[in-house]
Amino acid sequence: MTPGSFDAVVDACREAGFRPVLDDTASGSHAWAGVAAGRGINLVVASPAHQLPRGITLVPLAEPRPGLRIDAVWRADQPHPAVPGFLHACAEPARRKGWPTGG
């Protein structure tokens, strides 16, 4: 988890009235193994839901959900020819959702 995401999670928990006990040593499938073994819960993005181990349930958070900033990255010294098309393809869905864009 990035430092900004970590801070957003802690802030959201505090706003909800509790202080989480966090173990940020495991991520991905290692974190899911801890959940499957009954050692806690985990916060994940919904995209890997199809990869969840048997017995683990993905439950959407109640509103207001903490925001997650997503950025596009590419090599500055060798921009890939697909960059303009990719950014163009992302612009309309971002606009519909009201997400800020860099351009």
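Glycine is no exception: its Cβ is also placed from the backbone N, Cα and C atoms.
What TrEMBL lists as domain 'LysR substrate-binding' is 4-92.
Over the domain 'LysR substrate-binding' (4-92) the predicted model carries a mean pLDDT of 79. Mapped onto DSSP helix, strand and coil, the domain 'LysR substrate-binding' (4-92) counts 36 helix, 0 strand, 53 coil.
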